[in-house]
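Colleague: A single structure is presented below for examination.
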Amino acid sequence: MVRIAVEREEGVVNSTGSLSVNTGKYTGRSPDDRFIVFDDKTRDTIDWGKINHQFPSDKFEKLLEKMKKFVDDKELYVFDGFVGADPANRLPIRVINDHVWQSMFSRNLFIRPTKEELENHEPEFTILCINDFVAVPEVDGTRTDVFILIDLTRKIVLIGGTEYAGEMKKSMFGVMNFLLPERGIFPMHCSANIGKKGDTALFFGLSGTGKTTLSADPNRSLIGDDEHGWSDNGTFNFEGGCYAKCINLSKEAEPEIWNAIKPGAVLENVVLKDNVPDYDDNTLTENTRVAYPLDFIPGAVIPSVGGNPKVIVFLTADALGVLPPVSRLTREGAMFHFISGYTSKLAGTERGIKEPKSVFSECFGAPFMPRPASVYAKLLGEKIDKHNTVVYLVNTGWSGGPYGIGKRIKIKYSRAMVTAALSGALDTVEYRHDDLFNLDIPTEVDGVPPEILDSKNTWDDKDLYESSAKKLAEMFIENFKRFENVSPDIIAAGPKATQ
Ligand SMILES: Nc1ncnc2c1ncn2[C@@H]1O[C@H](COP(=O)(O)OP(=O)(O)O)[C@@H](O)[C@H]1O
Ligand SMILES: C=C(OP(=O)(O)O)C(=O)O
Ligand SMILES: [Mn+2]
């Protein structure tokens, strides 16, 4: 496939042997151009609003016909495979692309079939992703030239006008997030890995919080870096590969990801200098990426299934720099923070985001959750109650001040905090209670300077810290008002209003 991609001038083979491509105009997701078809199936089940936009079914049909005509005389590339590593709950899919490299991405990211599976493959869902097909909003009913249309009745996803490959994986994530709750399965925007004792851990977080980085851990086996389901049988990956960020990638801090950039991987929007990738160059975007199959990470679990986690980590990248780098949540605190989904959108992943922006993203993945947050929150509550799962909140964001003044917490410290949480070391240390955020903060963590565990210590201007922390606490309280019918215990587990 690489040879054909190069012949078609879609990309070049760089010094690592991976295929380098540029995605052109769009280098991140286009959330405002994503629509779900409005019909009997979706009318009362989708949380319509600013995230889940409606699209008329007849317009979908017309656009589909138009796309079919457009591709009639073109060479297309087809990938047949699955979403979902659990044979009982997997979705057979077909991805049709007009660029070879996009088909390579599909192959790397979705689950590849065995020879036998391929022979009998009957897709239940089809993605038609035609980058060169550009919509005409006045005629086609789209918002712009770009569109991501999900039809849950026809079981088709249409993508056009954008070459950002992440649209394909994230639209199928949205489909799974719609389908699985009906079967009592909890779909999650999280990474997952498994320790030597067979202990599964999950890392929830919005883009850029560290799901991919922190789940690639030499002492644990990777199950997956982004999308998982939790059923009565345990956890399973939806995908067959990873989509890691490359910006400022270093061999020292992220050796597994560095080593996965080799023949077979697809590198998106990384600038080459004398054919060598320069990971520090953000000329094309901050959202530079590499897509590789899961087995490029040594020891990855394939088929990618795990058990019932005893420990979960909620990742947040606090650009205000005030949340503690690690804290332990009560059961109700976990529910509060899951529903809130506080973090910062980092530059590049979505169009228009140029610097970190504080956001509350329900379930740590609002752009991908078609149903109301309460549906997913209920499933989380049931799962953690049944399995006595403990949840930690890890802030991989700024320390020593907000974005612009402070710096991002060192990856090695975040790793040490995660290691301590997963090993049980944090079961026996002392905690202090932070009254404002209503969080229990450990006073010592192996491998981390104790003073940084209290974010205030890292700020020069203590008054500014106080006022910023109060501001964030108020933002939490204000945001939570939009959720109705939440139990008072959960509301009480959130940050406290200040007098
Ligand atoms: N303390 C930290 N913990 C995790 N990632 C960090 C940290 N500091 C900087 N980073 C960088 O932030 C990004 C995290 O992104 P990633 O792991 O891909 O997030 P996600 O998978 O949740 O979208 C990476 O580029 C990583 O190098
Ligand atoms: C690919 C994406 O997700 P993540 O950054 O979580 O990997 C995305 O949001 O487009
Ligand atoms: Mn990721």
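The backbone N, Cα and C atoms fix where each Cβ goes, glycine too.
Copied straight from TrEMBL:
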- R29, Y164, K170, R289: substrate binding site (BINDING)
- K170, H189, 205-213, E254, R289, 408-409, S414: ATP binding site (BINDING)
- K170, H189, D226: Mn(2+) binding site (BINDING)
Colleague: Anything within 10 Å of D226 (Mn(2+) binding site)? Look among the binding-site residues R29, G205, T209, K211, R289, comparing CA atoms, and list what you find.
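Modeller: So the list reads G205, K211.
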Colleague: For ligand 2, which among the binding-site residues R29, H189, G205, T213, D226, R289 have a CB under 6 Å from it?
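Modeller: R29, D226, by Cβ distance under 6 Å.
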Colleague: Using DSSP and collapsing to three states, where does Y164 (substrate binding site) fall: helix, strand or coil?
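Modeller: For Y164 (substrate binding site) - judged by DSSP and reduced to three states - the answer is coil.
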Colleague: With R29 (substrate binding site) as the reference Cα, tell me which of the binding-site residues H189, S207, T213, I409 is the closest one.
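Modeller: Checked the binding-site residues H189, S207, T213, I409; minimum Cα distance to R29 (substrate binding site) goes to S207.
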Colleague: Give the distance between the Cα atoms of I409 (ATP binding site) and K170 (substrate binding site), rounded to the nearest whole Å.
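Modeller: Cα-Cα distance, I409 (ATP binding site) to K170 (substrate binding site): 28 Å.
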Colleague: What is the total of other Cβ atoms whose distance to the Cβ of K170 (substrate binding site) is within 10 Å?
Modeller: 22
Colleague: Note the Cβ centroid of R29, Y164, K170, R289, the recorded substrate site, then list each other residue of that chain whose Cβ lies within 8 Å of it, in sequence.
Modeller: G28, A165, G166, E167, K169, Y243, N287, T349
